[in-house]
Amino acid sequence: MTHVEVVATIAPQLSIEETLIQKINHRIDAIDVLELRIDQIENVTVDQVAEMITKLKVMQDSFKLLVTYRTKLQGGYGQFINDLYLNLISDLANINGIDMIDIEWQADIDIEKHQRIITHLQQYNKEVVISHHNFESTPPLDELQFIFFKMQKFNPEYVKLAVMPHNKNDVLNLLQAMSTFSDTMDCKVVGISMSKLGLISRTAQGVFGGALTYGCIGEPQAPGQIDVTDLKAQVTLY
């Protein structure tokens, strides 16, 4: 069984309000990584992100900071695509205080360009979470394994695969794919079966070799997320 870090996802609008800071502080013992979603901010700029990071850095000794721009293609709000998206991800490397950066994977990406950006982020001491999300369904087991395989070829620190289950076999397939690859990959693996049906993938992440599990602070930011306080309590049961 692997050690699991609990990620708390927040999605503020333009600024970090005092009420949000209070909510974070109230759950500080349950948070290992704070994920700052920025795709909900229309035409977000690096300067806006840097300003938010500055406010969060006051508490940063308590957790690592992960920045994520989730595109509409993968279930987020972000309108940036192609070079606009990749340029933003690349520019995040210049912000002090960011520990981890999410970058999306699709089957049709420009492999060389993606690899250059991932290497660039790592040169600035940012851990890379390469991720793929399917909010519609769970692909067959062999396809799940293939996605993990393709993502790990970029040599990131983490590979993350989140899919939507429609039955218990979908959940089992995701857990099996994660378990198999956690034994063979050099990088850390994250597998999430979304919605209430897949909740066990969040709470028993470490049993199946996963390294990160995602929860929320109040309002869920993805299907199946539960509050990080409850998530931390359940993760530690395993």
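Any Cβ shown, glycine's included, is placed from N, Cα and C.
As recorded in Swiss-Prot:
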type     : residues                                   : note
BINDING  : Glu35, Leu36, Arg37, Arg70, Arg202, Gln225 : 3-dehydroquinate binding site
ACT_SITE : His133                                     : active site, proton donor/acceptor
ACT_SITE : Lys160                                     : active site, schiff-base intermediate with substrate
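Separating the Cα atoms of Arg37 (3-dehydroquinate binding site) and His133 (active site, proton donor/acceptor) is a whole-number distance of 15 Å. Within the group of recorded positions (Arg37, Lys160), the Cβ with the highest number of other Cβ atoms inside 10 Å belongs to Lys160. In three-state terms derived from DSSP, Lys160 (active site, schiff-base intermediate with substrate) belongs to an extended strand segment. The residue listed as 'active site, proton donor/acceptor' counts 21 other C-beta atoms within 10 Å of its own C-beta, drawing on all protein chains shown.
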